[in-house]
Amino acid sequence: MRHDHLITSKQLSRTDIETVLDRAAEIDADRAAVADRHAGTLLGLLFYEPSTRTKMSFETAMKRLGGDIVDMGAVESSSVTKGETLADTVRVIEGYADALVLRHPKQGAATMASEFVDVPLLNAGDGAGHHPTQTLLDLYTIRENAGLDDLTIGIMGDLKYGRTVHSLSYALSNFDTRQHFISPESLQLPREVVYDLHQAQDGTQIREHDSLEEILPSLDVLYVTRIQRERFPDENEYQQVAGEYQIDPETLEDAADDLTVMHPLPRVDEIDPAIDDTDYAAYFEQAHNGVPVRMALLDLLLSDARGEDDE
Amino acid sequence: MRHDHLITSKQLSRTDIETVLDRAAEIDADRAAVADRHAGTLLGLLFYEPSTRTKMSFETAMKRLGGDIVDMGAVESSSVTKGETLADTVRVIEGYADALVLRHPKQGAATMASEFVDVPLLNAGDGAGHHPTQTLLDLYTIRENAGLDDLTIGIMGDLKYGRTVHSLSYALSNFDTRQHFISPESLQLPREVVYDLHQAQDGTQIREHDSLEEILPSLDVLYVTRIQRERFPDENEYQQVAGEYQIDPETLEDAADDLTVMHPLPRVDEIDPAIDDTDYAAYFEQAHNGVPVRMALLDLLLSDARGEDDE
Amino acid sequence: MRHDHLITSKQLSRTDIETVLDRAAEIDADRAAVADRHAGTLLGLLFYEPSTRTKMSFETAMKRLGGDIVDMGAVESSSVTKGETLADTVRVIEGYADALVLRHPKQGAATMASEFVDVPLLNAGDGAGHHPTQTLLDLYTIRENAGLDDLTIGIMGDLKYGRTVHSLSYALSNFDTRQHFISPESLQLPREVVYDLHQAQDGTQIREHDSLEEILPSLDVLYVTRIQRERFPDENEYQQVAGEYQIDPETLEDAADDLTVMHPLPRVDEIDPAIDDTDYAAYFEQAHNGVPVRMALLDLLLSDARGEDDE
């Protein structure tokens, strides 16, 4: 990888993605080998929005590489309350850390911030924008369970607002994939995303559906996302729609035996807990994969920043 | 110790307790010997309720063993606000850490959570339920100051709602102890706790009092707890009751010279600061003992989890 | 340095200051040499008020020396909400850490707290009181950019309420300095501070101005502080006053080419971002200097506490 910053999954070529996933697999197979690899390195965490798993998994990744973190803490107890700009904050914290992780509610925040700092900056989500490390751990999970080429994937739920889904779809278009999008009409993929996917060089195949039933048997992977109550003005409409896009053992009766069910978590009631102990369930594994994937990314960026070979 | 999880002090036999306390004494005598013993180990902290000393002392314990922590942070800035269940949260965080510490406002939460994870889980307090590591550091402090056998202890204050008191009493019933309970009538020990203590195999002796005066001279240890204002509908009644269960130099005039005064802290005005510099006071020592005791526990559980001998 | 605690910059002699700054320069020149120097050391952080840069830079400093921190966390999630006194809290946390850092809203808090603990305590700001580590990093930045002797410095903005300014002025009076104070009349330096500065043994020269214009050309350093909106009952008056004490490229037309512009940050609009990329700007460097200066301080205090030579 030859990037100073990781802002969007769009910047990642197929080769970039494979470099990260290969390194993650290496690390996952022998974590002890890298346990001191970045001793003395400090990762600065700037989370302007709540996050459990992204933040903890970055923290875990850095510590599993022998490094440590310095955390800005919650926005309410920071200088942000005194009116400091993001540009100033990142320039100050850059002086403490060897790399930065930024989550911010405003789209474009990571791009803007990256222009002010010399250390590598990783975007951990910028509003409706991008969340590339989520995409990479999704890709890693898909590759481990079903492979990334000749893949048939269903992506279901809120496809309109979900940045996770958009990032994943763009990244999958680097591979030989058939992508089926399943959602209520009001939560369909934005037209510009559909357009972009059709333009993607490797010609991934795209189809949209309003029901899972017809394409379920053909799927290798079913990626479920949450439909948020607050998207619906009417509670009854929400109840009706949400109910149709929930997964339980009955729903999966026609699925292939080796179907992999994924979810970026947290879930509310999109997936029945009865699925958790079946072979279908890969969503906790998926969350756990955040660690080796972020270890791989940090390792590549930090080694790069020090002028080392990428190995 | 042969337990995967530590949920309640009731699960601890006299041998278990002695194993932990012996290991704590060993560690306390030579901390340098274990300074790198668990290098690379990550302890996951899940505190759903505020805590200063319990959380910091677990963190200190893990770091004094060469390990580190990953902290879920405050509930307000976590996925809990998105409606995630405790079962899902612990299963995700299990992927980051080698052991978990859980504090939760609901009784039974630790038991439930432990059923979903494979790594050792330590209960750091579950509502009105249990708080076994507090009990172990109390026992350690008692043993260091007065010994655990042939012990006469007074336990005073709010005996009705105090989980600390109930856990301690159960654990002490493994030893040859005379337990005196001193409280206003409205805050007496719950009848089922009294019943359980009478049933305890080693036949610890139990007596209840409404005043300290008569039994003070016979005590080796006086364990004071806070009487909470909010238990009383009437402010005047609170003032009157609370005043009778406060300790100052005058109160202790008839105490044995080697009396040990303990308190789980934080105190408000149950113990006059004039006691702090006397030989009676053991409450800061007690708080500090949280470190070697939790180091011992973590060491035993983590060594056990790795299949090592207990040493 | 032969101090157990660092409470105020007033306690620091010229020799003390030079010892810290020299050690900071040594460390800054070769950080790798101290990367494991305090391995196993834990620094306790007690921040009763929000802080980004002070807290993170103490954390960074300790970690860059090979140590780690234990953080009390936000006051809302601590035992402070249960009514615990500061004296009790520091005595408990003393049992976890090898040194303590305290920020507290009440003037005098650090002095009081230091009387209850045996480990070194560093004041990281006590209300309108002192903030000596800020002063040391300011002095370090001045020395690196302009030298501390034969210095002409302008200090501008809110001189009435700014503890940063008072501490810096006292410390500078140990050196051969000409100090110019520029502020609106309502935010002038308190008379007792002026009196103290006139009494200072080394006879630093003091002058007060209501405009920057006349003395700008003579300045080696211009130290800008924020004028807070809430000091003014009338919004119009604030706008007028604040506007006169803002720095932009036009303001600096008559400045010396080697003028150094400093600011303790966070800034709001006291310094135009157009200055950021000029050679005048030293405020981000100043923030970054918090790390080597605090590393030096911790190194000196911890080595001292262990009975080592100061090197």
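Start at 1 and count along the chain as shown; that gives each residue its number.
In case you wondered, yes, glycine gets a Cβ from its N, Cα and C as well.
What TrEMBL annotates here:
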| type | residues | note |
| --- | --- | --- |
| BINDING | A:Arg53, A:Thr54, A:Arg103, A:His131, A:Gln134, A:Leu265, A:Pro266 | carbamoyl phosphate binding site |
| BINDING | A:Lys82, A:Arg163, A:Arg226 | L-aspartate binding site |
| DOMAIN | A:5-144 | domain 'Aspartate/ornithine carbamoyltransferase carbamoyl-P binding' |
| DOMAIN | A:150-300 | domain 'Aspartate/ornithine carbamoyltransferase Asp/Orn-binding' |
Sort the residues of the domain 'Aspartate/ornithine carbamoyltransferase carbamoyl-P binding' (A:5-144) into helix, strand and coil with DSSP and give the three counts.
70 helix, 23 strand, 47 coil
Of A:Arg53, A:Thr54, A:Lys82, A:His131, A:Leu265, A:Pro266, the binding-site residues whose C-beta sits under 8 angstroms from some chain B C-beta are A:Arg53, A:Leu265, A:Pro266
Let me make sure I understand the span of the carbamoyl phosphate site: among A:Arg53, A:Thr54, A:Arg103, A:His131, A:Gln134, A:Leu265, A:Pro266, what is the greatest distance between any two Cα atoms, in Å?
17
Expressed in Å to no decimal places, the gap between the Cα atoms of A:Leu265 (carbamoyl phosphate binding site) and A:Lys82 (L-aspartate binding site) is 33
Do me a favour and check the Cα-Cα span between A:Gln134 (carbamoyl phosphate binding site) and A:Arg226 (L-aspartate binding site); whole Å is fine.
15
Close binding-site residues near A:Arg163 (L-aspartate binding site), where close means Cα within 10 Å, chosen from A:Arg53, A:Thr54, A:Arg103, A:Pro266:
none
Measuring Cα to Cα, how many Å separate A:Arg226 (L-aspartate binding site) from A:His131 (carbamoyl phosphate binding site)?
16
Max CA-CA distance, Å, over listed L-aspartate-binding residues A:Lys82, A:Arg163, A:Arg226
35
Given the carbamoyl phosphate site A:Arg53, A:Thr54, A:Arg103, A:His131, A:Gln134, A:Leu265, A:Pro266, its other Cβ neighbours within 8 Å of the Cβ centroid, in chain order, are A:Ser51, A:Thr52, A:Ala124, A:Gly125, A:Thr164, A:Pro264, A:Gly290
Three-state secondary structure, A:Arg163 (L-aspartate binding site) (per DSSP)
helix
May I ask you to pick out the binding-site residues among A:Thr54, A:Arg163, A:Arg226, A:Leu265, A:Pro266 with a CB closer than 8 angstroms to chain C's CB atoms, ordered by sequence, or 'none' if no residue qualifies?
none
